[in-house]
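Notes follow once the structure below has been shown.
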Amino acid sequence: MIIADNIKQFHSIRNSLIKQQKIGFVPTMGALHNGHISLIKKAKSENDVVIVSIFVNPTQFNNPNDYQTYPNQLQQDIQILASLDVDVLFNPSEKDIYPDGNLLRIEPKLEIANILEGKSRPGHFSGTLTVVLKLLQITKPNNLYLGEKDYQQVMLIKQLVKDFFINTKIIVCPTQRQPSGLPLSSRNKNLTSTDIEIANKIYEILRQDDFSNLEELTNKINSTGAKLQYIQKLNNRIFLAFYIGKVRLIDNFLKETGPSC
């Protein structure tokens with residue numbers, strides 16, 4: 001596996017690739033788990049070259065503490081990527097991605113950008129879309145692999161690719177879950193054993209609910225010791241965000257299936 005720590009190194013690697021080679025790209029913020037691994041395996045099965053990026057993007061965090069406590073396990077991540085036979089790891093610094101600071105940003109005006117995560121985390125999608133645009137301009141992949149867990153974000157990235165005429169296909173892969181139903185997330189690493197017990201109770205409640213009374217469901221979730229930030233039906237999906245202690249988790253799933261594994 002080749003590791004590029006800056007854009008100049010990456011451009012040299014990218015320019016050496018044969019034009020006919022199909023390139024798959026998996027953007028991450030590190031702290032890799034089986035959800036990331038499923039994306040990478042999918043990319044490996046469909047492309048000649050797989051590029052994975054690790055960049056904890058500061059502009060998408062509206063809470064400085066969330067940014068500072070985001071899990072960092074670079075050496076372990078490198079071992080995981082090498083074991084998966086990833087071709088290139090792109091691991092840029094903040095100075096690489098924002099050489100002159102965050103002077104130009106994508107500001108989404110779509111309705112979907114102003115609800116759920118957009119409402120709860122002002123500026124989050126602006127930072128996310130800005131960095132995704134930068135990463136796509138740098139990597140120039142044929143295929144981009146994203147997880148369904150960030151469904152709202154995926155919808156906005158699809159619009160970004162369409163509106164900026166980016167010649168990249170988006171492949172959305174199913175959410176990977178623990179047996180309890182809890183979606184895999186890098187932030188799960190910050191959960192204590194007590195927190196995990198609370199999470200398991202929440203997903204037991206969710207699996208048994210028919211989502212006909214969200215107010216009652218809110219009370220049930222809050223009774224576990226968690227703090228529900230929102231739960232909302234949108235089309236045929238249920239979206240929710242909640243805190244367990246200081247850890248904020250999000251999820252979405254089809255109403256008909258619930259959070260099934």
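Cβ coordinates come from backbone N, Cα and C, glycine included.
For 29-36, 147-150, 184-187, the entry in Swiss-Prot reads ATP binding site, with the evidence type sequence analysis. DSSP classifies Leu184 (ATP binding site) as coil under the three-state reduction. Annotation for Leu184 (ATP binding site): spatial neighbours His33, Asn34, Gly35, Lys149, Thr175, Gln176, Arg177, Gln178, criterion Cβ-Cβ under 8 Å with sequence separation of six or more.
Residues annotated as active site, proton donor in Swiss-Prot: His36. All protein chains included, His36 (active site, proton donor) registers 26 other Cβ atoms within 10 Å of its own Cβ.
All protein chains included, Gln60 (beta-alanine binding site) registers 21 other Cβ atoms within 10 Å of its own Cβ. The beta-alanine binding site annotation in Swiss-Prot covers Gln60, and the record cites sequence analysis as its basis.
For Gln153 ((R)-pantoate binding site), the number of other Cβ atoms no farther than 10 Å from its own Cβ, over all displayed protein chains, is 22. Per Swiss-Prot, the feature (R)-pantoate binding site maps to Gln60, Gln153; the stated evidence is sequence analysis.
According to DSSP, Gln153 ((R)-pantoate binding site) is assigned to a helical segment. Counting every protein chain shown, the Cβ of Gly35 (ATP binding site) has 22 other Cβ atoms within 10 Å. The sparsest Cβ neighbourhood within 10 Å, among the listed binding-site residues (His33, Lys149), is found at His33.
Over all protein chains present, the Cβ of Met29 (ATP binding site) has 17 other Cβ atoms lying within 10 Å. For the recorded site, Gly147 (ATP binding site), the DSSP three-state label reads strand. With respect to Gln153 ((R)-pantoate binding site), the closest of these recorded positions in Cα terms is Gly147, chosen from Met29, Ala31, His36, Gly147, Ser186.
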